[in-house]
Amino acid sequence: MDGELHPVVVVASDPTTKAKRRAPCRRFIGVIAYDLQMNGKVVPSFNAQVMFGFYNFVCPNAEAIVNEEMKHIMAVAPSLAGPLLQKVAPPNLSIRGFEVIDRIKEKLEAACPGIVSCADIIALVARDAVALTHGPCYQVETGRRDGTRSVAQDVIGNLVPPTSNITALKAVFLQKGLTLKDLVVLSGAHTIGTSHCSSFSSRLYNATGKGDTDPTLDKNYVPRLKSKCKPNDQKTLVEMDPGSFKTFDVGYFKQVSKRRSLFLSDEALLHDSETRSYVERQAMASPDEFFRDFAASMVKMGRLERLKENKAKFSLLAVGLVASGGLGPVVERALRRQLQLLCN
């Protein structure tokens, strides 16, 4: 590999169905989701790099197992696509779908005990959640290891809440080596999934502390949101991209451009010339450019601030046994073929 981002984008197939099982990965999910979203904390198996096809020789069916389980899960619970993708995006404090990660972890442990990390599972699940909702299917670098530290305070300052303005968004992303383009592209993940009313109710009922509505919201859209979210509603879920919240597309950008986004952090994208330009362009375009950009930004995000090898371990049922075994060179042609098999 030459170090450049070369995501492969293909069309994903429709999911099928199967029953659920569970496995204990969830107590590590909070910190791992944070690690992947902002700290990356990925570790090399050798040569100080994670890589495409890391498991090709030590657990050849790892990605296929994740993909197959995701197809079954998405067939019976398609609304989980958003929460599963958001495990690698802010905020991750109220995410549903932990049992999905548990179930997939158990399957992988049965096939390859102690080999596949929870961090890699989350990255692969996010990739497949996108592909199975008709978004791009891209390569994921693997070889991350699960950290041995899980402290809530470590997360503070690294997650951007839905109330963030453009200044706060820029600060967090730029500090981590991500660009403004990455910011707006990754925000596009809000095209799938739902949000609790509590994440944006202040925009409806107390925007400035005077019981008023956020004037940046489309005034014709406010009554629709208020009909779904009553004051102090903590439980109701609202579609982030109404009409296509189960489909990964450019609908999110259309909503933002019309000032119909749910979060202040979405609205904030209109307050910078670069991010606004991207939003407005995607709102009028086919999804091709966005799909390519999203794949590239996801790969880039997964490379951030890699954890040193002596500070991380692979997990056996998320406990942390070091995996053994080496990998040979990965051939790009073989990876493309493997990816197409997964996504078709």
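Placed from the backbone N, Cα and C atoms, the Cβ positions cover glycine too.
Not measured: the values here are computed from a predicted model.
Per TrEMBL, heme b binding site is recorded for His190. Other Cβ atoms within 10 Å of the Cβ of His190 (heme b binding site) number 26 in total over all chains.
Every protein chain shown contributes to the tally, and the Cβ of Asp249 (Ca(2+) binding site) ends up with 21 other Cβ atoms within 10 Å. Taken from TrEMBL, the feature Ca(2+) binding site applies to Thr191, Asp241, Asp249.
According to its DSSP assignment, Cys229 (disulfide bond) is coil. Applying an 8 A CB threshold to same-chain residues 6+ apart, the list for Cys229 (disulfide bond) reads Cys197, Phe200, Ser201, Leu204, Thr236, Val238. For Cys197-Cys229, the entry in TrEMBL reads disulfide bond.
Under the heading domain 'Plant heme peroxidase family profile', TrEMBL lists 49-344.
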Predicted model, mean pLDDT over the domain 'Plant heme peroxidase family profile' (49-344): 80
Tertiary neighbours of Asp241 (Ca(2+) binding site) (same chain, Cβ under 8 Å, six or more apart): His190, Thr191, Ile192, Asp249, Gly251, Tyr252, Gln255
8 Å Cβ shell about Thr191, Asp241, Asp249 centroid, Ca(2+) site members excluded: Gly188, His190, Ile192, Met240, Ser244, Phe245, Thr247, Phe248, Val250, Gly251, Tyr252
Other CB atoms within 10 A, centred on Cys197 (disulfide bond): 22
DSSP three-state assignment for Asp249 (Ca(2+) binding site): coil
C-beta crowding around Thr191 (Ca(2+) binding site), within 10 angstroms: 28
